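Asks: Handing you a structure now.
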Amino acid sequence: MADGAGIDRKADEKIQFSTSKEVTVHPTFESMSLKESLLRGIYAYGYESPSAVQSRAIVQICKGRDTIAQAQSGTGKTATFSISMLQVIDTAVRETQALVLSPTRELATQIQSVVMALGDYMNVQCHACIGGTNVGEDIRKLDYGQHIVSGTPGRVADMIRRRHLRTRHIKMLVLDEADELLNQGFREQIYDVYRYLPPATQVVVVSATLPYDVLDMTTKFMTDPVRILVKRDELTLEGLKQYFIAVEKEDWKFDTLCDLYDTLTITQAVIFCNTRRKVDWLTDKMREANFTVSSMHGDMPQKERDSIMQDFRQGNSRVLISTDVWARGIDVQQVSLVINYDLPSNRENYIHRIGRSGRFGRKGVAINFVTSEDVRILRDIECMWLPSPCFSCG
């Protein structure tokens with residue numbers, strides 16, 4: 001049963017933590033010595049009691065400790081670092097004091113929304129600093145002064161270099177969905193940002209998956225971090241059924257999808273493809289067959305992506321076809337089905353994709369289309385995430 005903030009408490013209690021010895025559990029938000037105005041925002045947001053990761057991580061982060069926090073999708077990771085940032089900033093000082101870096105523009109914008117909601121009684125300023133938007137607006141907002149900035153690495157680094165994002169008051173750097181951020185593409189940009197920050201800046205790393213190479217890399221800019229880690233064999237999603245459908249040829253996937261579309265009763269669904277070109281192709285094919293779908297990928301202008309996301313969040317569109325730009329951390333509570341039209345080549349991305357379904361403890365279904373070429377990837381995914389094979393054959 002999910003509470004008002006959408007956390008599945010039953011699943012939450014089953015999480016196994018491999019944590020640093022000094023970590024204590026705080027069963028209530030009141031026991032964390034949080035500001036009164038922040039507590040009001042937490043309760044107004046719908047939280048009644050902290051989730052497993054919140055009860056362990058918030059106090060450690062508020063103490064100023066470098067922290068690595070790992071927990072599965074839908075367990076309140078975003079609120080964990082948002083509450084912590086709101087606790088440590090001084091709203092009387094209109095300077096940037098906390099910085100969050102995310103791998104996608106949509107996730108950075110969502111984090112801004114969570115911060116503003118939780119900080120509703122604190123008069124907090126928080127800006128989403130993301131690529132694809134008006135640079136002049138960024139400059140205006142940053143020059144005015146923002147307590148918290150949530151952004152993508154490229155635009156944030158640019159604003160720092162232009163001296164519009166002032167870093168001298170920054171106390172905390174949060175790397176959200178750190179596995180993706182620290183992959184090859186973002187690594188150098190993160191270092192670009194980090195070298196401008198004060199030497200004493202606290203670093204918080206948050207993700208559903210933390211492969212060894214990511215943990216290894218964090219040693220370069222973290223000092224004696226507190227670790228709150230979920231065991232790898234616990235990284236499955238409660239209440240989510242996973243299936244594969246064997247399709248002999250790539251060409252057969254489309255007909256299979258049309259059959260599924262006709263027979264399944266769903267609230268909302270996300271269909272993942274591996275390339276932007278495939279997203280466009282599949283969208284056109286579905287529309288030609290008189291199916292109503294929307295689509296989104298990284299080549300689209302940011303305004304168009306924002307509009308598509310808003311329509312999907314509000315339930316105006318039921319089926320979204322997307323690349324992995326949508327796979328990480330985006331919460332739309334009514335998504336009950338994820339279809340991997342293409343299996344992800346990155347096995348970590350599989351957990352992020354299927355985590356879009358059954359958010360916050362609701363029941364969800366993930367369906368994977370598997371050709372003969374995909375069998376190796378499927379086995380790889382099985383070995384990575386599932387203690388014993390439990391895929392059902394369609």
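Keep in mind that glycine also has a Cβ here, set from the backbone N, Cα and C atoms.
As annotated in Swiss-Prot:
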type	residues	note
MOTIF	27-55	motif 'Q motif'
DOMAIN	58-228	domain 'Helicase ATP-binding'
BINDING	Ala71, Gln72, Ser73, Gly74, Thr75, Gly76, Lys77, Thr78	ATP binding site
MOTIF	176-179	motif 'DEAD box'
DOMAIN	239-394	domain 'Helicase C-terminal'
Asks: Count the other Cβ atoms sitting within 10 Å of the Cβ of Ala71 (ATP binding site), across every protein chain shown.
Replies: 26
Asks: Neighbour count, 10 Å Cβ-Cβ cut-off, for Lys77 (ATP binding site): what number do you get?
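Replies: Around the Cβ of Lys77 (ATP binding site), 23 other Cβ atoms lie within 10 Å.
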Asks: What is the number of residues in the motif 'DEAD box' (176-179) that are helix, strand and coil, as DSSP sees it?
Replies: 2 helix, 1 strand, 1 coil
Asks: Using all protein chains in view, find how many other C-beta atoms are within 10 Å of the C-beta of Thr75 (ATP binding site).
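Replies: I get 24 for this one.
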Asks: DSSP secondary structure for Lys77 (ATP binding site), reduced to helix/strand/coil, please.
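Replies: In three-state terms, Lys77 (ATP binding site) counts as helix.
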Asks: Tally the residues of the motif 'Q motif' (27-55) by DSSP class, grouping H, G and I as helix, E and B as strand, and everything else as coil.
Replies: 17 helix, 0 strand, 12 coil
